[in-house]
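Colleague: This is the structure, below, for whatever I ask next.
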Amino acid sequence: MAPNSVAVTMEKPDNFSLLEINGSDPSLFPDNKRKSISPKQFSWFILLKAHRLVSSLSWLFASVKKRLAFSSKAINEEEDPKSRGKQMYRFIKACLVISIVALLIEIVAYYKNWNLDLVNRPSWEVRGLVEWSYVAWLSFRSDYIAPIVITLSKFCTVLFLIQSLDRLVLCLGCFWIKFKKIEPKLKDDELDLEDASNFPMVLIQIPMCNEREVYEQSIGAASQLDWPKDRILIQVLDDSDDPNLQLLIKEEVAAWAEKGVNIIYRHRLIRTGYKAGNLKSAMTCDYVKDYEFVTIFDADFTPSPDFLKKTIPHFKGNPELGLVQARWSFVNKDENLLTRLQNINLCFHFEVEQQVNGVFLNFFGFNGTAGVWRIKALEESGGWLERTTVEDMDIAVRAHLNGWKFIYLNDVEVTCELPESYEAYKKQQHRWHSGPMQLFRLCLPSIIKSKISVGKKANLIFLFFLLRKLILPFYSFTLFCIILPLTMFIPEAELPLWIICYVPIFISLLNILPSPKSFPFLIPYLLFENTMSITKFNAMISGLFQLGSAYEWVVTKKTGRSSESDLLAFAEKEEKLHRRNSESGLELLSKLKEQEMNLAVQETPKKSIGGLMRPSNKIKKRNMVFKKELGLAFLLLTAAARSFLSAHGLHFYFLLFQGLSFLVVGLDLIGEQIN
């Protein structure tokens, strides 16, 4: 036989192919020394991998330590005895400690090759205290913990499916509206644009509080509404506590008044009731009785000049109509990842929820701004009340109980801003999710006793309040942030893949349909919604049980980005304003500008050059640390490590990326940071 030949013997030589191999090719038969790796080389390889892992962990903990150092003020505020939510943080911390201990035990069991068979082994075969503890844990887990977790997970799964079905029905309703081209139609002819006396009297209200960045644009947009000057009055309702800002707003109002705009400035000395108190105080003025409709714009909203001509005509010939709501659009929706994700939620809210409820039920929650109310509907429903932080939803529910109908106009848009920092967004969401639970407690007896139909009562109680305001944050937090990581240590209660992956992705796809350009952000949106569930859950509990944080009202921070495109116009207007004002007015404005510059310089970090201190060009931003989000991040990452040991596949990847999502949010790495 040739020296380079290879002999192959086959027991069943029926179907096989012949392959000639040239044995002289060294690549096919490498030397044994090249195939094997020495123990020393393998040890160095393991040490190198371990070094890289330790370096990564060191970088992570160094980042956390740095954030903690820069956010001492924020942490002190969160640890303040007056702050609420400490119980939630303690609960998360307890779950984290338990999961870490369980993970350590599971790691030991993994490398000791222990398994579930230990439970059935005789006690004399169990050796060592650690092994005995592991056996005791397995027995206790299967007998006591697993049944509780399984029951809770089934309950949350049922709620999840009900809410998913509701989301699907809403989308089908939206498709039907698009297919049938259903939209609100005017019952009578449009307004006679030639005769100004046919225009109804309209009151414009602009409530604001310390809105330094946006007060000019909102007042300017309202002053340019296309409506007869003698048939409109603009109320600038300023609750600012900064005297300098009050003077600036007064000057802005005076400038528009000189142009012939019917505009007045109101300031309350005693600021009670927040926005509801401000609006309630404005409605007590004697001249309000001369007006038929009232339109509300928040300080960052800039309506187009034809806003009133697109909304007011719907009231004509429709005496049962109490509210016309317009859609929001956002000037900064592409500013950062946070604003993009917010835009997905709000596009679904307006395009689907508001439109479907408006068409089929003639009822939806008033959005608090960009809407026109019939003043008679407000008065008959009890007016603005200060009992909750969602005065807009409060008045909408009471008007619905009194038989008033609502119309939503999806094609009428009013531009506004989205919160660009996670801190501002979190506070806004806390108010938006605690207020409805406050209102539900207060309105439930009135809903039951009202004269509306049983179907409308069921819609208010079960869909409007319970399903969309209570059940959604409850199951989202409990199922995906608590039960799922715990099931990694309790395999008897492991959740199926369709709950973790398939159904959530399908629902997220439905949510993104109204904003198709956001499809690339499907996975970040899904992860971020679960991340926000802790804030929404905490807010829901606060409102439901009347905790102190449910009554907190924090004005959402604005950046004034909607005015960036009009910088030249505003500069021109300010120059004309200075020319028209008296010498004393100019001095006043210059002093205010100087005070603002001094304040900015004081807040600006300084550099030392040649022994002299001068302001730096960059303003140092204060980093925040959110402890609840960080606690859940490490809980989920711990569960991901346990899932990795069990080779769970999709469970591991979901827990890993969800934990990283919580970590990014907890370290305030999403959105713009606040000065």
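Each Cβ is built from the backbone N, Cα and C atoms, and glycine gets one as well.
Keep in mind that TrEMBL annotations are predicted by a computer and have not been checked by a curator.
Feature annotation from TrEMBL assigns domain 'Glycosyltransferase 2-like' to 294-500. Sequence annotations record features per position, and here TrEMBL assigns transmembrane segment to 91-111, 144-177, 460-489, 495-513, 629-645.
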Colleague: Could you tell me what the rest of the chain brings near the transmembrane segment (629-645), counting residues at least six beyond its ends with Cβ under 8 Å?
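Modeller: Sequence-distant neighbours of the transmembrane segment (629-645): 64, 89, 92-93, 95-96, 99-100, 102-103, 106-107, 110, 481, 484-486, 488-489, 531, 534, 651-652, 655-656, 658-663, 665-667.
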Colleague: Please indicate, using numbers and ranges, the residues of the same chain that are 6 or more beyond the transmembrane segment (144-177) and have a C-beta under 8 Å from a C-beta there.
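Modeller: Here the qualifying positions are 183, 351-353, 355-356, 359-360, 463, 467-468, 471-472, 474-475, 478-479, 483, 486-487, 490, 492-493, 495, 499, 503, 506-507, 510-511, 513-514.
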Colleague: Mean pLDDT for the domain 'Glycosyltransferase 2-like' (294-500), as a whole number?
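Modeller: When the pLDDT values over the domain 'Glycosyltransferase 2-like' (294-500) are averaged, the result is 94.
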